[in-house]
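Listed in Swiss-Prot:
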- 1-15: signal peptide (SIGNAL)
- 16, 99, 182: Cu(2+) binding site (BINDING)
- 54-185: disulfide bond (DISULFID)
- 112: N-linked glycosylation site (CARBOHYD)
- 155-237: disulfide bond (DISULFID)
- 171, 180: O2 binding site (BINDING)
């Protein structure tokens with residue numbers, strides 16, 4: 001395995017992905033509609049960069065004026081594709097299978113979802129899927145037609161939010177920088193929330209460090225049997 005790992009990395013060097021659209025109530029809102037999609041599908045590797053919040057340089061993102069209405073308590077689906085122009089949903093249309101790691105999702109309450117950059121505090125994690133029985137969260141998305149299901153907590157306050165959906169690829173993470181962070185932000189108007197619970201929050205950048213065991217890790221050798229997902233715990237009602 002020590003010999004094969006560099007070959008795996010070389011073959012997967014250009015295999016990237018984009019959170020291209022959001023599905024709500026079984027209806028896909030459209031590519032780039034309410035989601036700030038980039039013109040390039042590459043990763044962010046510097047966890048101290050402002051681009052770790054909602055993507056950005058070196059991957060310029062396109063503004064969108066749409067704010068998607070979502071009801072608290074429902075499950076939305078972040079749809080991932082290799083490129084914005086990718087129309088299929090086979091595993092190779094999502095992300096290279098070598099890109100193993102967790103999936104995560106965060107929310108941030110904002111005054112205006114179309115203008116807030118996402119940089120700074122206010123983020124709380126609402127979903128994570130790491131390593132379970134030898135299968136990674138990214139593998140479940142890749143083999144599930146690019147569908148990343150995210151439940152919106154019913155107990156949060158109504159209002160406008162940014163939804164940050166993320167896939168983390170660890171095939172090159174034995175050194176830092178090396179882990180590949182893929183994320184985009186959707187612009188939401190969440191209705192029907194009770195506001196009965198206030199989440200603890202973290203900042204982007206700031207939530208991850210290059211020394212975190214879930215960021216700097218060799219997933220090939222010795223074989224990984226457990227994995228610590230980076231960032232805070234998942235907020236629950």
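Cβ atoms here come from the backbone N, Cα and C positions, even for glycine.
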Recorded positions clustered about residue 99 (Cu(2+) binding site) [Cα within 10 Å; pool: 155, 180, 185]: 180
Separation of alpha carbons, residue 112 (N-linked glycosylation site) and residue 237 (disulfide bond) (Å): 24
Nearest of the recorded positions (16, 54, 155, 171, 180) to residue 112 (N-linked glycosylation site) - Cα to Cα: 54
Those recorded positions, out of 54, 155, 171, 180, that come within 10 angstroms of residue 16 (Cu(2+) binding site) at the Cα: 180
Entries of 155, 171, 180 which, being recorded positions, have CA atoms within 10 angstroms of residue 54 (disulfide bond): none
Cα-Cα distance linking residue 171 (O2 binding site) and residue 185 (disulfide bond), given in Å to the nearest integer: 24
When distances run from the Cα of residue 155 (disulfide bond) to each of the binding-site residues 171, 180, 182, the nearest one: 182
Helix, strand or coil at residue 182 (Cu(2+) binding site) [DSSP, three-state]: strand
Position of peak Cβ density within 10 Å, selected from the recorded positions 112, 180: 180
Coarse DSSP state, helix versus strand versus coil, of residue 54 (disulfide bond): helix
Chain-internal residues, separated by at least six, CB under 8 A from residue 182 (Cu(2+) binding site): 16, 17, 18, 19, 43, 44, 80, 95, 166, 167, 168, 169
Residue among disulfide-bonded residues 185, 237 with least C-beta crowding, 10 angstrom cut-off: 237
The one of 16, 99, 171 whose CB sees the fewest other CB atoms within 10 Å, among these binding-site residues: 16
